[in-house]
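Lifted from Swiss-Prot, the feature list:
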COILED    26-46  coiled coil
CARBOHYD  Asn21  N-linked glycosylation site
CARBOHYD  Asn121  N-linked glycosylation site
CARBOHYD  Asn205  N-linked glycosylation site
CARBOHYD  Asn353  N-linked glycosylation site
REGION    1-324  region 'Tail'
REGION    325-470  region 'Head'
Amino acid sequence: MDASLITEIRKIVLQLSVSSNGSQSKEIEEIKKQVQVNVDDIRAANIKLDGLGRQIADISNSISTIESRLGEMDNRLVGISSQVTQLSNSVSQNTQSISSLGDRINAVEPRVDSLDTVTSNLTGRTSTLEADVGSLRTELAALTTRVTTEVTRLDGLINSGQNSIGELSTRLSNVETSMVTTAGRGLQKNGNTLNVIVGNGMWFNSSNQLQLDLSGQSKGVGFVGTGMVVKIDTNYFAYNSNGEITLVSQINELPSRVSTLESAKIDSVLPPLTVREASGVRTLSFGYDTSDFTIINSVLSLRSRLTLPTYRYPLELDTANNRVQVADRFGMRTGTWTGQLQYQHPQLSWRANVTLNLMKVDDWLVLSFSQMTTNSIMADGKFVINFVSGLSSGWQTGDTEPSSTIDPLSTTFAAVQFLNNGQRIDAFRIMGVSEWTDGELEIKNYGGTYTGHTQVYWAPWTIMYPCNVR
C-alpha cells in the first residue's frame, strides 16, 4: 500500500470523525471492505510468491544437475546464475515490500478498530441528538398549540370586553337619563343615597315602613299589622266583628258568679268557730282546749291524761295488745356460734374452727365447748371469740354482752390432757371471762397444772357469765 493510499484513508477517516452525516457508518464499512480486499490480495500474492520460491528451488536443483552433467554450459549457467541472483534479489525486495505492507496493515487495523469505536460513539451521540431534536420538535409543536389557543382565547376575551364595554356604555347612558341629581321636598340626597326626612312623631318600623311614633304620646294606642289600634288586655277585652271593644266571656260571667257567691256567703259564725284575719287573709278556725284535745293527722283527737308506767326487764309492754307481759327473750333460749377460736399469747398464737352451744337462762349466758384437740398452749394467755358473725338465727351480737365489767366475771375449771410423745398427762386449766368489747369476748387462762406438750386434748367444759342487757 503506497503513501498516497494511506493519506487518502486518513483524510476519509478525519472527514468521517468530523461529519455528523448519518451515512458515515456505511462509508467506514466500505473502507473496511476495501481494506479486507487489499489484505486478501496481499495474502494471495504471498501465496504466489511462496509458489515461485518453490519453483526457483526446483530450478536451482535442476541447474545443479545440469552443471554437474554439462560442464560445458558453465558460461550459460553463470549467466543463468546471475539472472537467478537478480531474480532472487527482486523476490527478496518484493518480500520485504510485502512484509512492510503487512506491518503497515497491522498498524492500520487497530486504528481502524479505534475508528470503528469512535464511529459507534458518534452514532450513539447522533441518535441521542436526533431524539433530543425530536423532543424539541414535540415541545415546540405543543407550545405552538398553546400559543394558538391563548391567542384564540385572548381574541375571545377582547371581543367579550368590547361587547361588555358596549353594554356598559348603553347602561351608563340609561343611568344618566334616569339618575336623580336633586331631591324635592321631604327628601334629602346624600351621595348616592336618597333619604326621607322624618320629623317628630314619625319612625321606621322593623320592616322599614314609615309609621307614627306614639312612644311619647298617649298610652293605649299602637300598631297591629298595618293599622293603628287601641291597645287592650286580651284577658278581659276583645274586638267584635265591627271593631268594637267588648268584654270576654269570662268577664261576662262575673255577675252570675258573684251572685252565686253572695247567695252562699256566711254572714256570721258562732263559737267554737272564729274568723281570723292576718296579712289580708281571712281564716276560719275551730276553737278547742289544747289541754284536752290535739290535732293528729288533721283530725281532732282527745288528749289522754293518763301516765303510763315504766317496766323493767323481764317485763315489757305489748303495745299492740296494750298489756304487760314477760319479755320474749326472758327464760331459756338456745343457739350456736360457729367460727374460729383464737388463742393469743406474746410468744404463741393459733386459730381453731369450733362450734359453741349457747344457752340463755334468765340473766345468764352459758357457753358450752365440745371436746376438741388443739395446738399447744402456754402457761397463761387468752382465748378470743368474736360474736360479730357466726351466731345462729334469732341471736344478735348484743345478746352476748355481759351486764358487768368486773374482771373476771366468772371462772370455771376445764379438764385437759397434755399430749407429749404419745403420752397423756391429766391436768386442768382455770378459765375466766375477762372482757367483752364490740362483740369480742375474751376468756383468760388464769393458770392450772402445766407440763411440756405438743397438743392439748380438751374435755367438754362450760362457762357462764351474767348477761341481762336491758
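These residue numbers are counts, starting from 1, taken along the chain as shown.
Backbone N, Cα and C define each Cβ position, glycine as well.
Positions of Swiss-Prot features highlighted on the structure.
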residue: Asn121; record: N-linked glycosylation site; Cβ within 10 Å: 10
residue: Asn205; record: N-linked glycosylation site; Cβ within 10 Å: 11
residue: Asn353; record: N-linked glycosylation site; Cβ within 10 Å: 9
- Task: Give, as a single whole number between 0 and 100, the mean pLDDT over the region 'Tail' (1-324).
- Result: 72
- Task: Work out, from DSSP, the number of helix, strand and coil residues along the region 'Head' (325-470).
- Result: 4 helix, 91 strand, 51 coil
- Message: Tell me the coarse DSSP state (helix, strand, coil) of Asn205 (N-linked glycosylation site).
- Response: coil
